[in-house]
Amino acid sequence: MKKTKNRWLIALSAVGIHISIGSVYAWSNFTNPLIEEFGWTTSQVQLTFSIAILFLGLSAAFLGHFVEKYGPRKAGLLAAVFFGVGVTGSGLAVGMSSLPLLYVFYGMLGGIGLGVGYIAPVSTLVKWFPDRRGLATGLAIMGFGFAAAISSPIMEYLISNVGLQNTFYILGVSYFLIMLLSSLYLEKPEEGWAPPGFIEKVRLGKTEVKEDLSQLTANQAVKTKRFYYLWLMLFINVTCGIAILSAAKPMAIDSIGMTTIQAAALVGVLGIFNGAGRLG
């Protein structure tokens, strides 16, 4: 009989993936250095982030079936390859002073890695925590929010000491390895699995089993009102949050007069509260 994995270690693996891809929320650390080194405009640099978020949404929408068909492990490995190549390739783009290449690597390839890497852990944890679905989802996306707090000071240190190009190389390889190791432990529970005591609590009426909307197909989901309510709510929420996160550091420096280190710390603080809010 196959030994059941520890679901809390599954949760830790999910957080590992999200902490890696969530570093996109610390993108503003690259804005001013890229502008100063190449003379690009703020709009040109910020478009990289916008493309990444666009491809996050597209890949999450159209590659969800890949996660269900091939499982979270293969989906996580796919995300690791795309995001790792995307960030590492950004170093190549910087070395060639090529803005279009930056769009392709960080924006498109990195964005695809973001989308697949975002949905795989969430959909998996919901299955491992039928008794705590809210907590399970919160644990996964918490890592995405906290990532900026972890990545921001590291990015600031690397940019100052090894330069932009090497920073992308180091981060790309690091994210790939973290996501690779996390993905190898990630898997769905066996059919019919339930945590100890859960079935008994359901039988006694102590636990309510809610409808599992994750089992709906895309065609079924878009036919429900709930889908559009959730989509609109998420769209407003994400738009407001990303508008600040994507430009936090340059805004703090140019508008408030913060130093580079202070602005990087601000990005980290935003990440802390972003992550904490996802557990609410």
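For all residues, glycine too, the Cβ spot is worked out from N, Cα and C.
Database features (TrEMBL):
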DOMAIN    6-280  domain 'Major facilitator superfamily (MFS) profile'
TRANSMEM  45-63  transmembrane segment
TRANSMEM  75-95  transmembrane segment
TRANSMEM  101-122  transmembrane segment
TRANSMEM  134-155  transmembrane segment
TRANSMEM  167-186  transmembrane segment
TRANSMEM  227-248  transmembrane segment
TRANSMEM  260-277  transmembrane segment
Beyond the flanks of the transmembrane segment (45-63) by at least 6 residues, Cβ under 8 Å: 24, 27, 30-31, 34-35, 75, 102-103, 106-108, 110-112, 114-116, 118-119, 218, 242, 246-247
Surrounding residues of the transmembrane segment (101-122) on its own chain - C-beta under 8 Å, 6+ positions past either end: 13-15, 17-18, 20-21, 24, 47-61, 63-64, 66-67, 72, 75-76, 78-90, 92-94, 137, 140-141, 144, 179, 186
The domain 'Major facilitator superfamily (MFS) profile' (6-280) [mean pLDDT, rounded to integer]: 84
